[in-house]
């Protein structure tokens, strides 16, 4: 049984290894051989945001060639780009058939380092060899942390994959996670086509593309995971493989009035239910709850006081709703009867909110080495780390021993900055920064600077600053200096990049007629005006209703020699009680993250104070646009459009001005700190 996909998917494959600046577009617009009626159109359109493939250029037109076999190098490029990981540059190739410094080398070294490919005894990568289904299952199961060992004894329908095969558990993991179709045979040693690989990759990355996932260990409403029962109120209600009524191919059945379902999730107008022992989705508006389940004080379950209502727990704050997208990983519980607590303290008997048994999987949001803050029944709880083991952890990109010093293309107009002697001091923000004889990474190093060292800046040309350190004069990369004006105007000549989130076809989150993309553009324009009035050089990743991809925003910053980056967003949550301001940074450049924290803290504090917002704090999370910067970078979520109090401010011009003032003030405070 083949159930075709869902909403939008991923990108096409980067086969010709030419570095093209690809704007996001539909697959039909980008590839002449992928019309909107093509079976991989949705997946390819979705994946295009990740710049996974530029396809083949033939007589001026670009083709994807979905029926061609995918090669090992193409598969590696697609997966690394889909995961938005950095490539890996080494001084010496790990493979005898891959030349160091090539595009293939950058991706081959990364998949080797991450353990996504098997290593051969002859030390060959075989970049142009057709990639088999066995190899595909190994790569995707490891790259997307599907825990293949868990599926090593689970049955699969493929008669040509014996349990003795070393790839059995990887193929089983893909099947049981809705990535591989149900069939009698699957030809594990046969090459995978480019089109099929896109389908598998999209399903691995985005669950909305997956085929029905089998229910693991859920056999009755009393088991963990069931949140209630509903009864269908109409005839001919469609049952779907995904929560999307716009797709005809995701229908897996119909039910009539009076049918009952066990519910495992209630979200955004859709119920995730158990249908024929598999997960499926039905529209909530055509059902009514006949039973809901809540947690009692012993960690068991009991019916809610009133069918159709959601009970509240007095120990749980109203805004204590975990957003799984912000988790830092998943752990598996290793003992039975592990207490879940409302606080990280074993000496308080009244803080027990439940128990979990061995094998339970929990999402992790904080890890202090002793306690884990986890998602437990749609709220936060704490468990002892000692009795868990990580099965998934959000990886931090592996840095080269010496950061690659970018040599971006020259922007349209960036004048050199000539600095009167002593007017600008550069404080070094990383260890091991080279001071060189000339303005470029190829010049001989004459000294090494470390975090906290200060240099006198004489001039700046593009990314290179001419500096004096002690009695030595040389050049260093300005991205690793905090440039501190000494003339009384901390913002003069600083190059600041503002990033209004989303835009164009991507409205971001919304409520009624209010779209995130419009709100953040208003705020950004005002911040720009205020910064420019203080002498800063300000550029915006978009100035109208356009849609730059995430990589476009990163490239724009590099190509314009940005010195500081602020991405502005509006938040949303399933719970209307979630509210407040939070600001994110990412730890990717050694000690540089301390600058990110300073910037995030100043901006967040100003918004909370001036707009009277709930303080949700400053957090570390590897959002793409901040993770891929080598300058101080933060992402600001000014408020929740899903909350009535925050929303009233987000659509009020007076508060738009306050948000802009606060972000401006935060930047000023950051540069004022010497």
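A Cβ is built for glycine as well, from the same backbone N, Cα and C atoms used for every other residue.
Taken from TrEMBL, the feature signal peptide covers 1-27.
If you look up TrEMBL, you'll see 27-93 (among others) marked as domain 'SLH'. Taken through DSSP, the domain 'SLH' (27-93) splits into 25 helix, 8 strand, 34 coil.
Residues or ranges marked as domain 'SLH' in TrEMBL: 154-215 (among others).
Residues or ranges marked as domain 'SH3b' by TrEMBL: 227-291 (among others). Shown for the domain 'SH3b' (227-291): DSSP residue counts in helix, strand and coil, namely 6 helix, 39 strand, 20 coil.
What TrEMBL records for 295-323 (among others) is region 'Disordered'.
Taken from TrEMBL, the feature domain 'SH3b' applies to 328-395 (among others).
Per TrEMBL, region 'Disordered' is recorded for 396-419 (among others).
Feature annotation from TrEMBL assigns domain 'SH3b' to 423-485 (among others).
Mapped onto DSSP classes, the domain 'SLH' (154-215) shows 24 helix, 3 strand, 35 coil.
When each of 154-215, 227-291, 328-395, 423-485 is checked for Cβ pairs under 8 Å to the domain 'SLH' (27-93), 154-215 comes out on top. Here the listed stretches are 154-215, 328-395, 423-485, and the one with the most C-beta pairs under 8 angstroms to the domain 'SH3b' (227-291) is 154-215. Sorting each residue of the domain 'SH3b' (328-395) by its DSSP state yields 6 helix, 39 strand, 23 coil.
For the domain 'SH3b' (423-485), DSSP puts the residue distribution at 3 helix, 39 strand, 21 coil. Mean pLDDT, taken over the domain 'SH3b' (423-485), works out to 91 on the 0 to 100 scale.
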